[in-house]
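Notes follow the structure.
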Amino acid sequence: MLKNYLTIALRNLGRNKIYAFINIAGLGIGLACSMLIMLYVKDEVSYDRFHDNVKNIYRVVRQERDKSGKKTGNDPNTGYFQGPKFAANVPGIKSFVRIQSGSRDVKRADEITSSELLYVDSSFFSIFSFPLEYGNKLNCLKDPYSVVLSEEEAKKQFGTANAVGKIMQIKEDDGFKPYTVTAVVKKTPENSSIQFNMLLPLKVAAEQEQNPENWFNIFLNTFVVLQPNANLTAVQKGMQRFYEQDSKNAVKILTEKYGPMNNKTIYQLQSYADMHLSTDFPAQNGLTNASKPLYSYILSGIVLFILLIACINFVNLTIARALRRTKEIGIRKVIGSERKQLIFQFLGETFLLSLLAFLLAILLVQLVTPVFNNLSNKALSLSYLLDVKLISGYVLLFLLTGFLAGIYPALILSGYKPVDTLYNRFIPGGKNYIQRLLVVVQFALASFLIIATFTLYSQFNFLTHEKLGYDDNNLVMVNKQSLSKDEAKLFKTELMKNPSITGFSPKNGGQWGTVAKTSSDSTMQFSYETVDESYVPLLKIKLQQGRNFSKFYPSDADNSVLVNEAFVKKARWKNPLEQKLNFWYDNNKKYTVIGVVKDYHFQSLGQEISPQLFTMKDNGFGVAFIKIKAGKETASLDFIQKTFKRLFPLNPYSYTFKNEENLKNYEAEAKWKQIMLYSAVLTIFISCIGLFGLSVLTAEKRIKEIGIRKVLGASVNHVVTILSVDFIRLVAISLVIAVPLAWLAANKWLQNYPYRINLGWEIFVSAGLLVILIALFTVSFQAVKAAIANPVKSLRTE
Amino acid sequence: MIALKNIFKWYNVGGNRNFILKDINLDIQQGEFISIMGPSGSGKSTLLNIIGMLDEASEGTYIFQDQEVFRLKEKQRSQLYKDYIGFVFQAYHLIDELTVYENIETPLIYKDMKSSERKAIVADILDRFGIVGKKDLFPNQLSGGQQQLVGIARALASKPKLILADEPTGNLNSKQGEEIMELFKQLNKEDGITIIQVTHSEKNAAYGSRIINLLDGRIDTNTTL
């Protein structure tokens, strides 16, 4: 019997190539997407679980509460004290390791490069399972002048992986010092939150070990290993008790210095395995690849859309094609088949199709994995498949798809009465409500995704093209640690000798922030920038009131500040000029506001412009802004590099363009933009091949009607309209459903951005038109074919 | 073998009953060859379908081999039907996707017969009908007469006691038609198979042992030849 069914199924596929193609391709794409997402989700939840000890590894994290006990913030970072003090004094904690991120200059021959690295305690390798290629994991970090390299870094530095015993010149405060390579680590797994090329022993100066304020200096990550039988709650309580006891002295000192502390710190432990997907305490500060469960949810949601649409195609096409099979069903019943057997047969055919689609999906996954990896920032591969859980997941997916797509048609088809089907009394599907409903659902999903994509694109376009309030074109930033005023002056003089370089302004590196008293009782937070008088004109920032810093006012260098409009607003000043403020708490020195600059986007457009203050006080600069002439980029960059190397031979040289750096703020959006585009294209594609299949079958079903209409004198146009209008009506209904939902979703998403596009009608109208045009094109293709066919053929019976 | 008592069949059309069959009473003995005749719309095919259990009467009693058909459960009826009845259609109704051989084999598959047994039976029938050379062809590669021959071969494969034929020669030319009718006659005489055919042709009807004339859903005449 199986053979008979298989024969029929295969011959049917062979005879209905379009139908087979649509079903297999659609379902194959849907399955491939699901597989990729399953890989993605699996990777996400497997993060950091490769450590043998992972069940007992926790990160020490802090929750801040105000006096009333209300939570005011989460901070995953700690300082020098927490690790050693808790491990020594709280029962249940076996060991600890601190991880601090940093960068050091490394000299090789005459080349100086800046290397990112991690400072870690010597317990690092006994807590985390990073296998060593060379060296001894127990003592490789014991010596203060030892360095551990990744395999890749060892090859880069020494041309060989076996670098144990070799010497590296690493910069200390007083010049380059020799460090000995003690171990080389095998490539870290991709799904590790700890990624490194270089490890140095964490050195804590003796006076720091004695300084009680270190309970409150927070800048690194601390991990502890609990005893296997330790009670988590008891350990957390023990930590809290010990902290409150031990930090009393520090609290006293700090209160004397800065006034009473408003916040209370609650210590907690975060399971290492949970860290990767944690939104409360994300992996940061030397820990990488932090993710959010939301990503998995969104991707799974999209993929469910796609799979659902492919299954809908399947159901719709199978039912529509039933017309062709009614005769066979009737005959089978007449010659003795029971309903059960027919259900079995049709389910079997579905499974055969699913199987083919499944094979296609595996092929597709293999092909598109690189693209997907690029999108998802992962290094997934099909070899991940060699995992019992995942394989059983795929088999389940296959069975579920086959069953879902097959059971409804099987039930419908097997229910036909032979008398009806064999005597041509049968009009399959009647009004086809379910079929129509499914088309509507399908196109509603596709339209939703298209509108979402359009919205994302518009917002992205807005973020990357909106006027920033300053000029970031042809602006090169060159980093130089602790660039002094004199060095900056020299650098500027040398650079300005080249006519291609039109401007220069030094600025502090990174983002600095502090708190100031703006009146006797209130304080406010703000960013502050260390610049000189050339900064505002170089960036073409507009002045709203007052004046810029000037050489002609010598007191500017020490006493004057500029603020932005947001600062004025936050400080609630009516007349900002000549206002005095004091900050840094180091003395009672007052600074005078001499000017107000117009708000400009010094941060990403994803953030509201926050209060900002400029000073010329000599804090040391960290970066030079250099304006170059358009069209002279290569020569100018060359000149800048040469000048830099001549003036600062002991510093690593690196540069970025300011506008490129600005674009980096929107990498996440760029990525989601691409993901949404792919999803939308896929859903509309699968929906359309489904619609195409349906139109083929409808034209077939109505072939007699078309023949009669043509004999009675209907034009080709008229017939095309008749055949298309039904489908277009369905697509229109789906738009009516999708548009409000998409509007709500897009609005909700846009609320995340303080600066956003207006969600105008254009997006919806253009998305709607696009969907209708694509649908029309799909349907009319077949309709025209049917309309120009010779009616004589279709009207001849039997 | 067959007893129909007070059979009515109607459809509801716009609140009115549209009668197809009215008060049919009919007894058929094993071994008879009956021709049902009558103008279009007189209810011939419906009567045949009711006898063949493809359709149910709206009212009345139908006894087949001492069993009351309308009271049987779906499964029992299906069993009865599989064991005793073969169908032949005007439009042949072969499965287009299967070869001649496979078409004839299919009913045996539904009877859960073993593969070797099926092979023997199908080979036998192919021999008997002289279509061994055509066994791997598909229906659309055959002439109408040949297709009907396969249709009959398929009906016979499950060794039925009763063959129901709905205008079996309607789509054939006269020579092919004659051959088919001769075949029916032979099956009736030699194998003792009961045959009920619906036909328009007096000539074909004459092959049978009894002619039943229907008019407007009633039995008009019932003539034994």
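Each Cβ is built from the backbone N, Cα and C atoms, and glycine gets one as well.
What TrEMBL records for A:20-41 (among others) is transmembrane segment. Within its own chain, the transmembrane segment (A:20-41) is flanked in space by residues 13-14, 296, 299-300, 302-303, 306-307, 309-311, 313-314, 317-318, 353-354, 356-358, 360-362, 364-365, 368-369, 372, 376, 378, 380, 384-385, 390, 393-394, 397-398, 401, 405, 682, 685-686, 689-690, 692-693, which lie at least six positions past its ends and keep a Cβ under 8 Å from the stretch.
What TrEMBL records for A:21-240 (among others) is domain 'MacB-like periplasmic core'.
Taken from TrEMBL, the feature transmembrane segment covers A:294-323 (among others).
Residue counts for the domain 'ABC3 transporter permease C-terminal' (A:302-416) under DSSP, split into helix (H, G, I), strand (E, B) and coil, are 101 helix, 0 strand, 14 coil. Taken from TrEMBL, the feature domain 'ABC3 transporter permease C-terminal' applies to A:302-416 (among others).
Per TrEMBL, the feature transmembrane segment maps to A:344-371 (among others). For the transmembrane segment (A:344-371), the list of distant contacts is 2, 5-6, 8-10, 12-13, 20, 23-32, 34-36, 39, 314, 318, 380-382, 394, 398, 401-403, 405-407, 409-410, 413-414: same-chain residues at least six beyond its ends, Cβ to Cβ under 8 Å.
Feature annotation from TrEMBL assigns transmembrane segment to A:391-416 (among others).
Distant neighbours of the transmembrane segment (A:437-457): 302, 305, 308-309, 312-313, 315-316, 669, 672-673, 676-677, 679-680, 683-684, 687, 690-691, 694, 727, 730-731, 733-735, 737-739, 741-743, 745-746, 749-750, 757, 759, 763-764, 766-768, 770-771, 775; these residues of the same chain sit at least 6 beyond its ends, with a Cβ under 8 Å from one of its Cβ atoms. The feature transmembrane segment is assigned by TrEMBL to A:437-457 (among others).
Residues or ranges marked as domain 'MacB-like periplasmic core' in TrEMBL: A:445-603 (among others). The average pLDDT computed over the domain 'MacB-like periplasmic core' (A:445-603) stands at 87.
Per TrEMBL, the feature transmembrane segment maps to A:675-698 (among others).
What TrEMBL lists as domain 'ABC3 transporter permease C-terminal' is A:680-790 (among others).
Annotated transmembrane segment per TrEMBL: A:719-743 (among others), in sequence order. If one looks beyond the transmembrane segment (A:719-743) by at least 6 residues along the same chain, the residues whose Cβ comes under 8 Å of a Cβ in the stretch are 436, 439-448, 451-452, 455, 691, 694-695, 698-699, 702, 706, 709-710, 759, 764, 767-768, 771-772, 775-776, 779-780, 782-784, 786-787.
The annotation transmembrane segment is assigned in TrEMBL to A:763-784 (among others).
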The answer for the transmembrane segment (A:294-323), taking Cβ pairs under 8 Å and residues 6+ beyond its ends, is 16, 19, 22-23, 26-27, 29-31, 33-34, 36-37, 40-41, 44, 277, 279, 329, 346, 350, 353, 401, 404-406, 408-409, 412-413, 416, 428-429, 432, 434-435, 438-439, 441-442, 445-446, 449, 675, 679, 682-683, 686-687, 689-690, 693-694, 697-698, 700-701
